[in-house]
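Here is what TrEMBL records for this protein:
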COMPBIAS  16-27  compositional bias 'Basic and acidic residues'
COMPBIAS  31-44  compositional bias 'Acidic residues'
DOMAIN    94-278  domain 'DH'
DOMAIN    310-422  domain 'PH'
DOMAIN    433-494  domain 'SH3'
REGION    16-58  region 'Disordered'
Amino acid sequence: LCSFLGLLYQEYRDKSTREEIETRRLQDSQTDPEETSPSEETPSEAESTSTIENKAPPQINLLRNSNSRFNLWQDLPEVQSSGVLSILQPDEIKLQEAMFELVTSEASYYKSLNLLVSHFMENERLKKILHQSEAHILFSNVLDVMAVSERFLLDLEQRVEENIVISDVCDIVYQHTVNHFSVYITYVSNQTYQERAYKQLLQDKPAFREVISQLELDPKCKGLSFSSFLILPFQRITRLKLLVQNILKKVEEKSDRESTALDAHKELETVVKACNEGVRKMSRTEQMISIQKKLEFKIKSVPIISHSRWLLKQGELQQMNGPKTSRTLRTKKLFREIYLFLFNDLLVICRQIPGDKYQVFDSAPRGLLRVEELEDQGQSLANVFILRLLENADDREASYMLKASSQSEMKRWMISLAPNRRTKFVSFTSRLVDCPQIQCVHPYVAQQPDELSLELADVLNILDKTDDGWIFGERLHDQERGWFPSSMGEEILNPKIRAQNLKECFRVHKSDDSQRRKLGSRNRQ
């Protein structure tokens, strides 16, 4: 295979995303992105195809030729010697590279999965230490995942070997996603238990800890941790969707290849969503049970646990005492601490009491909350906002004047409490308006439910930002929203690149009418 096949998937993915970041940086620094000169002569598509079809297909065995030193389709000796590079149009070469990357990255991923199984899972010392049930939680259905990857890779490899110029790969992606990729949902849904079991084993079994450390030191692992191998399937299914998006951006509009790519993307999106839901469901259920145990109701009790309810944000705020008219700016005694639990459909207002418990003294449906920022009222009223409950626990309207610890904390509470408020910048889906954008250059793991985990090279529209270094953004490829530190990214300054990013995003989602309606409704918020 190409040089990437010498890499484990973790290395491949890191290299690939860093190249993506550098490419975007380069484009962003150009005031006028280069355009193909009209004087350049390029043969017609029909002429190109007929010339290519006359050439005998070379044999490129991707699974076995792992010592080859090429990382691009156009660098393959078979491609270079064939003469197709002088025949194909530049756009077609870019498309070939995008399809080739999907194939080579699958080969690298398969190699890493194989190492997880042969080096860790099948290690005799590890087998003796782990009880069968522990091994099952730790490795889940990874053998099924690996078998699916192998079958997928063999079909992709066969396609590449049919002809030097790859006809398509998205039809294969579509078939495998529909028929086989459900194994990913099973694996990823087990992630919460897998992480917990791994931490517990490290803590409780010194022999397990010792064997894992020794196995990680093996040169085969290239300094990568055992946990980086365990998370591979989740990373791969998400990345596969992005690779198909990359192909979709490069295929000719209204062509068969566009139709196939849209179908493949839609099916992958369904699997990715099911994976995300699987993970969330496991952790949310446990979280809700834990919260229920901590609450004591001073008012009429509200059942907290529900299959359709989850936590959006929790934390402490300062409540201003007394009516607005009698307030003075003298001391912090004006405020007393309250604690909020905000769920997707309900707000519960409490005071913390001894024993890590919370006494609930008010509540309201989330849809009946309104927030209002106080204009600059001096230092003691900085970061203060008013929360109105249109109908509280006593079926009356109630107002709370609340002070947050920082500007970002105030904005985060206001956006979580009343998501329909307009943000500082127009929402992503307004599209016609040039919205600020940022590219992620450092990965970020969300620490709170209202935060967004970021992968390298993610591009986001900036919906709001704070003076103390936080951004509220909406990721282009999946429309997920959340807060993250501004230090994780670099703003995209070139308006042409921002417009291109939006245009590509609409194209990816254009086949899904319900998606468009969803985007449109968000735009009106």
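Here, residue 1 is simply the first one shown, and the rest follow in order.
Even glycines carry a Cβ here, placed using N, Cα and C.
As the structure is a computational prediction, the values presented were derived from the model and not from experiment.
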Quick one: DSSP breakdown of the domain 'PH' (310-422) into helix, strand and coil?
23 helix, 53 strand, 37 coil
Tertiary contacts of the compositional bias 'Basic and acidic residues' (16-27) (same chain, 6+ residues out, Cβ under 8 Å)
4, 33, 101, 105, 439, 441, 455-457, 459, 490, 492, 494, 497
Which whole-number mean pLDDT does the model give the domain 'PH' (310-422)?
86
